[in-house]
Amino acid sequence: MEKQKPFTLFVPPRLSSSQVSAVKPQTAGGDSNYFKTVNKCTEGDFGVPLTMSSLSKNRENIDTDPAFQKLSILPMLEQVANSGSCHYQEGVNDSDFENSEPMSRLYSKLYKEAEKIKKWKVSIESELKQKENKLQENRKIIEAQRKAIQELQFENEKVSLKLEEEIQENKDLIKENNATRHWCNLLKETCARSAEKTSKYEYEREETRQVYVDLNNNIEKMILAFEELRVQAENARLEMHFKLKEDHEKIQHLEEEYQKEVNNKENQVSLLLIQSTEKENKMKDLTFLLEESRDKANQLEEKTKLQDENLKELNEKKDHLTSELEDIKMSMQRSMSTQKTLEEDLQIATKTIYQLTEEKEAQMEELNKAKTTHSLVVTELKATTCTLEELLRTEQQRLENNEDQLKLITMELQKKSSELEEMTKFKNNKEVELEELKTILAEDQKLLDEKKQVEKLAEELQGKEQELTFLLQTREKEIHDLEVQVTVTKTSEEHYLKQVEEMKTELEKEKLKNIELTANSDMLLLENKKLVQEASDMVLELKKHQEDIINCKKQEERMLKQIETLEEKEMNLRDELESVRKEFIQQGDEVKCKLDKSEENARSIEYEVLKKEKQMKILENKCNNLKKQIENKSKNIEELHQENKALKKKSSAENKQLNAYEIKVNKLELELASTKQKFEEMINNYQKEIEIKKISEEKLLGEVEKAKATVDEAVKLQKEIDLRCQHKIAEMVALMEKHKHQYDKIVEERDSELGLYKNREQEQSSAKVALETELSNIRNELVSLKKQLEVEKEEKEKLKMEQENTAILTDKKDKKIQASLLESPEATSWKFDSKTTPSQNISRLSSSMDSGKSKDNRDSLRASAKSILSTTVTKEYTVKTPTKKSIYQRENKYLPTGGSNKKRKTVFEFDVNSDSSETTDLLSLVSEEDISNRIYNNNTPDSHLLVKTPKQTPLSLSTPASFTKFGSLKKMREDRWATIAKIDRKRRLKEAEKLFT
C-alpha cells in the first residue's frame, strides 16, 4: 500500500445572522486561506468535549472576520457599473439597459446565497448543542459504571466472607461425620448377620457402574464437541483470511480506478491550459491583424484619392469632347457645302469617338466595382475594431477588479495569520486537556477500557464523517465560486482549474477514507460475531458441566440416604448387641483386631470421600466464576451490538448524503456548461456592440499598456500569496501527520488488546483440560474403591461359609482328638496363609493358650486342629488379614512390574493372633526374599497347606509410597498439559499475527 498524500481540510465558519447583506465572490487565494483558518478551528475542537468558552471564542473570531465585514458590496458594484458606462456615454442608450439586467440577476443570486448561509449557520449550532448533550450523557454513564464496579467489588468481598463461613461449617460437618463413622465401625462387628443385605449393595454397585458409564460417554461427547469447535474456529479463521484478501484486492482496484480518473482530470486540465494559451495567441493575432487592417485602410484611402483625381480628369476630358462635338455640329450647319469633302473625315472621327466612349464606360464600371469592394472591406474593419474595443474595455474592468481583490486578499491574509496563531494556541491547550483525560481513563478497569475504546472509535468515525460532510459543503461552494469566476476572468482560468482538480482529488481521497472506515466497522462486526459464538459455546460447556455436577450431587444424596439407613440399622443392632455381647465375650479379643483393621479401612475410605467432596466444591466454584465471566461478556457483547447497529445507521445516512452531494456536483457541472453557453452568447452580443464603439479605440490602446503593467504587478503579488499559502499548507500537513501518528498508536493498542483476549481464551481452554484430567483421576480412584468393596464382600461370603464348616466339624470331632491336641500342641504347625511363617503361627498359638481363655475357646481350637490333621491337604480356610500376595498385587498396580525376584521390596506382614491393639503387634516390615524363604522353607508353595482361620475380614491398606507416587504422576500430567497449552498459545499467536500482517 502506498502512503496517502497529505491533504488540507476546508470547513466553513459559523456566521452571525446580523452581518450578512450580500456575498462577494472571492479569488482562489482568499478562499483557500479563509478555509484553512476555519479548518484549524475544527481540528482544535476535534476529540475534546466542547464548552461554552470555546463556542464564544469561535463566535468572536467569526464576528471579527474581515471576509464578513466587507460583504456589503453593492456600492462597489455600482461604482464599477458607473465606470463602465463612462467609457461609452457617446454610444447608444440601449447598451445601458442591457447591462442593468445581469446586475439585477447578480443581486438576486447574492441574496439567495446569504439566506443559504444563514440556514447553514443554524444547522451547525444545533449540531454543536447535540454534541455537548451527548458528551454530558457519556460522562454520566461513566460515573454510573464506576459506581456499579464499586458495588460489585463490595459484593465480591461479601461472597468471600460467606465462602469462609461455609468452609468453617464444612469443617464442623467433617467432625460430625467422623463421629458418626465411629458408630458405623460397630456395625462391622455384626457383618456376619447382615449378609442378606449384600444383594442391595450389589444392586447399587450396578447403578454406580451405569452412572460411570454415562459419565464416560458424556466425556467422550465433550471431547468430540471440543474437536468440532476447534474445526469450526479454524474454518472461520480461514474465511476471515480470504475475506480480508478480497477486500484488499478491491481496495487496490479502487485505487487504480481513482488514479486513472486523476490522470484523466490532469489531461483535461492540460487541454484547458492549451486552449487558454491558444486563445491568448488568437488575441495577439487579432491585435496584429488590427494594425495591418489599419495600414491597409490608409493605403486604400490614398488609392481612392488617386482614383478620384483620375475621374475628375476624365470628366473634364469628356466635357471638352462634348463641347467640341457641339462646335463641330455648328460648323456642319455652317458648312454644308464642305460636307461631302469632310464625310470621310467625319466617319473616321466618329469611329474614334465610339472607341473612346466604350473605353471610358468600361473604366467607369471598374471604378464602381472597386468602390463596392472598398466599402465592404471598410465595414468589416469597423466591425473588428468595435469587437476589439469592447474586449479591451472588459479586460480593463477585470484588471481593476483584480487589483481591488488583491488588496482585500492581502488584508485578509494578515488577519487570518493572526487568527491561525490564536487557533494553534487553543489547539495546544486542548491537546493538554486530552492527555489529562487519557491518564484519568487509564486508571479504570479493563472492561471499562474496552467499552470506552469502542465508543472512541464510534466518536472518531462520527467526527471524520462530519468533517467530510463539512468539506463536501465547502468544496461545493468553492466549486460554485470558481465557476462564477471563470465567467468573469479568463486570465485566472489556469489557477481556478488547478484548484478544482485539487478539490476533486481531495474528495476522492475522502471517499477512499469513508470506504476504509466502513471496512473497519465491518471488521468490528465480524469480531463481535466471533465473540458471541464463543460465548454461546462457553454457555453450552457450562451447561454440560452443570449436568455433571447435578449427577454427582445426586450420587452424594444417595450415599447420604444410605448412611441414614445404616444409622437406623445401628440403633436396631445396638439392642441386639446387648443380647449378643455375652456370647461374644470369648471372641472379643479377636473381634477387636478385626474392628481396628476395618476402622482403618473405613477411615481411609472416608478420607478419600472428603477429598472428592472438596474437589467437587472447587469445581462448583470454578463453574460459578465461569458463569459470571460469561454473563459479563454477554452484556458487553450486547452493548457492542447496539453500538454497531447505531454506527451502521449513521454510515448508511452518510452514504446517502454522499450520493446527494454527488448529484449536486453533477448539477453544478451542468450549470457550468450552461454558464459557458451563456458566456458565448454574451461574447456574441459584445461583438455586435463593438461596431458602435469605434471612437474609444485610441483611448483603449493607451489603457491597455497601463493594464499590462498592473497585470505584471498582480502576477507578482499572486506568486507571493501562493508562497505564503504553500507555507501554511505545509504547517497543516504537519498537524495532520501528528494526528495520523496518534491514530496509529490507537490501532496498536487495539491490536495488543486483541492479543490479550486471545491469551485469555487459551488460558480458559487449558483450565478446561486440567478439569477434565482431574475428573478422569477421580474416576480411576472410584473404580479402585469399587474393586476394594467387591473384595471385601467376597471375603465376607467366605467367612460365612467357614462359620458353617466349623459348626459341622465341632459336632463330628471326638474327645480323643482333643486329648491328642493337649499332648502335642507344638507338633501341629498351622499355616494361616501361604505367606505366614510357621514360627509366627506357633508363637501366636502359645500366646492364645497362655492368655487365660475360656474352655469353649480351647475346645474350638482343639477341634479345628483335629479337623486339619484328619482332613486332606486340599482344604482351605480364610485368614483374618489379607494375604501378602494380594497386598503385593495391589501395590503393583501403582508400581512397574519387576523382571526378577532379586530386587528388594518392602511388604507388610501382619500379626494374625495378636491379643492387644498396640502398634508394635500390628505391622512389621520384611523383605520379599526373606518372606518367601520363611514361608516355603526353600521349597515350592504347592507343597504347603493353605489354612485359613474362620470369621476373618480383609484389610485394604494403601501405603504412603503409593500415595506419593500417585501425587507425582498427577504433577507429571499437569506439567505435560501446561507445556501443551503453551505450545497451543504460541501457535495461535503466530496465526493471529499472520492474519493482521
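Yeah, the Cβs are placed from backbone N, Cα and C, and that goes for glycine too.
What Swiss-Prot records as phosphothreonine, among Thr940, Thr959, is residue Thr940.
As stated in Swiss-Prot, the feature motif 'Mediates head to head self-assembly of N-terminal ends' covers range 102-112 out of the listed 102-112, 234-244, 344-354, 377-387. Residue ranges 42-45, 338-341, 750-753, 902-905 are listed, and Swiss-Prot annotates 902-905 among them as motif 'Nuclear localization signal'. Secondary structure counts, DSSP: the motif 'Nuclear localization signal' (701-704) has 4 helix, 0 strand, 0 coil.
Per DSSP, the motif 'Mediates head to head self-assembly of N-terminal ends' (102-112) is made up of 11 helix, 0 strand, 0 coil. Helix, strand and coil counts under DSSP for the motif 'Nuclear localization signal' (118-121) come to 4 helix, 0 strand, 0 coil.
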